[in-house]
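Feature list (source: TrEMBL):
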DOMAIN    22-92  domain 'NXPE C-terminal'
DOMAIN    253-734  domain 'Cas1p 10 TM acyl transferase'
TRANSMEM  269-291  transmembrane segment
TRANSMEM  355-375  transmembrane segment
TRANSMEM  396-417  transmembrane segment
TRANSMEM  452-468  transmembrane segment
TRANSMEM  474-494  transmembrane segment
TRANSMEM  506-526  transmembrane segment
TRANSMEM  561-579  transmembrane segment
TRANSMEM  600-617  transmembrane segment
TRANSMEM  629-647  transmembrane segment
TRANSMEM  659-679  transmembrane segment
TRANSMEM  685-709  transmembrane segment
TRANSMEM  730-750  transmembrane segment
Amino acid sequence: FKGGDTCEYLLSSGRFLGEKVWQPHSCMMHKYKNSEAKNCLLDKHIVFIGDSRIRQLFYSFLKLLNPQVKEEGNKHGNILFEDKSASIKVDFLWYPEVNGSMRQRIKSWTENSVAKPDIIVAGAATWSIKIHNGSNEALTQYKINVTSIAPLLEKLARSSDVYWVLQDPVYEDLLSESRKMITNEKIDAYNEAAVRILNSSSRNSKAKVKVFSVSKLIARETIMKSADGLHLPESSRDTNAMILMNVYCNKIMKPIDGSCCQPQPPLTLIQKLAFCFFTLSIIGYLIINLIHRNSYRKNKSCTDLESGEEKKPAISTPNVSTLEMLLHSFCKLGLIMTYFYLCDRANLFMKENKFYTHSSFFIPIVYILVLGVFYTENTKETKVLNREQTDEWKGWMQLVILIYHISGASTFLPVYMHIRVLVAAYLFQTGYGHFSYFWIKGDFGVYRVCQVLFRLNFLVVVLCIVMDRPYQFYYFVPLVTVWFMVIYATLAVCPQIVQKKANGNCLWHLGLLLKLVGLLACIYFLSYSQGAFEKIFSFWPLSKCFELNGNVYEWWFRWKLDRYVVFHGMLFAFIYLALQKRQMISEGKGDPLFSNRVSNVVLFISIVSFLTYSVWASSCKNKTECNELHPSVSVVQILAFILIRNIPGYVRSVYSSFFAWFGKISLELFICQYHIWLAADTKGILVLIPGYPMFNVLVSTFIFVCVAHEISQITNDLAQIVVPKDNSTLLKRLLCIAGFFSGLLLFSAMQDQARH
């Protein structure tokens, strides 16, 4: 950790990921769209002053504002551009040499505050080398001239952003005869002179000229693709322009995936209160622990002086009190949340952009598959979708999703479509699991509802407070929570139809099917009525939970993407439990699910369906079209997988304990990855150990998995305390929780008012 401003890294160091993706050292670059660039540069005046290389940078910068701009006009003259809609002026001033003329122009800006540009990008040297045939006298004069303009640039830097672009290396083999004197040795000498002279007199860090040296590193990798050996290829120029845009705009626009040049966000009131709470919890736990240690020492076995025998006190070890368990859990959670904050809010650890390659996704997939098969054990029960099997299913899906996120595989459409099926499969399990519980147990009590809601939402609520993120940001938890409440409402509303009641009269089965049809009709209506959906979730305080960036569109999109799959899970559970009750399927150890002939036919159809979906997903043209069909067809591959996994008895009788272990903490893994494995709210990768990508992934993964496992334990411990079985105690706790959220809403409103 070197501290300081990440802008220095952005302007001076980095490397290529692949051929065209530039990765600055320690931070992430945002790819600015035209609209974002215009919003950032609103009412701004930008000037590029220098030679033909600066002119190229000028055009690349212009194209970020207007992609239709063509490189035309007088090459050896001034070029003026104005975007009247955004009041943006971008000028190129032709000054190929650092001389008296350039000095006079710069001096005029220092004397006239009205005409002074907001951003100045300057640089020149190759013409001096060319005109004077690379003579030492020219270099000496260059030093004198740079020395004369340096104080003027530093004066401008007090109120404007001033960049001096160092000269890129040339590809000497491609240079024309008239440019042969421009050698890399000469260019290095001119660059060295500029760096030494600029800022030599400035002691104020705010009045420094920013040296744009990163262009040299980019040119070293790409100059051999130059058309004339002197000017950079277009892709390299575009990278330089994007770096300039990040340097200036990141602190204004604050993009999530643009960590370069962004200051650390100030602590909010809620974050400060959370910090105080966790600090008091840690202090309280340490005090209680100290008291217990002292009492233990006093009761320690002592030697009987008369008999010389050791006496043991007749005191049993006291049970851990509820208060101690509570403080212990919050103590651990406080330390973990500190790590979360340091990883993704403080500018302590480095962050890098993702870069997808097929090998970065598929090799880890093969690796975990081998590990999963290696840790194969017999199941305790052989029912369809038994607990061990569902844990295994969640586990391998979660590992694949994690690899998908860290490798940036969302850019590869076939992988994206298959991952969408895995997310749908999680929701399918939500529908299947909760329907099965309510149908079989008939338990619609408040205790069950509170337990599920607490386990689903505890970590996310804490992260919303500590990381200053809206609830909808962790979209999967709101999605599962709402669907759980929908399942509960569907089955709990009168008449309550459960298996015990339905066994006495078959008409109850028809009543349940009518409920499911009504649910399907509601889903269908809301999916095609965005207005009605948004009205429901735009009412306060629901809007505080489901709004993202000021509207609920993102929530509607996420809900709509997998709108039918929970219903499919509920329907599958109903059909499966009905067949099981009538003993129409065989679930004995090693037995096929159906008769041999039927099993073979259904297995064949399932395999064909599974592969057909994969072929369709791999042939998708664009995300929009595929996402339209996904809600209706994702169930095909999910059902095909369930049948393939359960029809053969020998397959149903074993499971992978490796995958099942991860499945038990799958929710924590999914949420924790946002901040302590990935970075910048999943947009990048956390770098704990720079320079060693593989070792970094191993270390960060180990910490990430340990933290997720520990949070799972903390959640389970706190669930027993916060959600007791006694109804009167539970009611009191619910009133306390309601008070907590009321206070949270109040403080949130105060924060919003302060921000505006």
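Yeah, the Cβs are placed from backbone N, Cα and C, and that goes for glycine too.
No curator has checked TrEMBL annotations; they are predicted automatically.
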Could you check whether the transmembrane segment (474-494) and the transmembrane segment (355-375) come into contact, where contact means at least 3 Cβ pairs under 8 Å with the two residues of each pair 6 or more apart in sequence? no
Mean pLDDT over the domain 'Cas1p 10 TM acyl transferase' (253-734): what is the value? 89
Near the transmembrane segment (730-750) in space but 6 or more residues beyond its ends, with Cβ under 8 Å, are 269-270, 273, 446-447, 450, 465, 541, 544, 722-724
Could you pull out which residues elsewhere in the chain have a CB under 8 Å from any CB of the transmembrane segment (561-579), counting only those six or more residues past its ends? 384-385, 420, 423-425, 427-433, 435-436, 439-440, 479, 483, 486-487, 490, 499, 509, 512-513, 516, 519-520, 523, 526-527, 585, 627, 630-632, 634-635, 638-639, 642
Out of 396-417, 452-468, 506-526, 629-647, 685-709, which stretch touches the transmembrane segment (269-291) the most, going by CB pairs under 8 Å? 452-468
Under 8 Å between C-beta atoms and at least six residues away from its ends: which parts of the chain pack against the transmembrane segment (452-468)? 265, 268, 270-271, 274, 333, 337, 340-341, 344-345, 434, 474, 477, 480-481, 484, 667-668, 671-672, 674-675, 711, 715-716, 718-719, 722-723, 744
Let me spell it out: take the transmembrane segment (629-647), skip the flanking residues so only those 6+ beyond its ends count, and list any with a Cβ under 8 Å from a Cβ in it. 384-385, 389, 393, 417, 420-421, 424-425, 428, 527, 560-565, 568, 572, 592-594, 599, 602-603, 606-607, 609-610, 612-614, 616
Tertiary contacts of the transmembrane segment (659-679), defined by C-beta under 8 angstroms and 6+ residue spacing from its ends, are 28, 259, 339-340, 343-344, 349, 351-352, 372, 375, 388, 390-399, 401-402, 405-406, 455-456, 459-460, 463, 467, 474, 476-477, 685-687, 700-701, 703-705, 707-709, 711-712, 715
Grouping DSSP H, G, I as helix and E, B as strand, the residues of the domain 'NXPE C-terminal' (22-92) number 21 helix, 19 strand, 31 coil
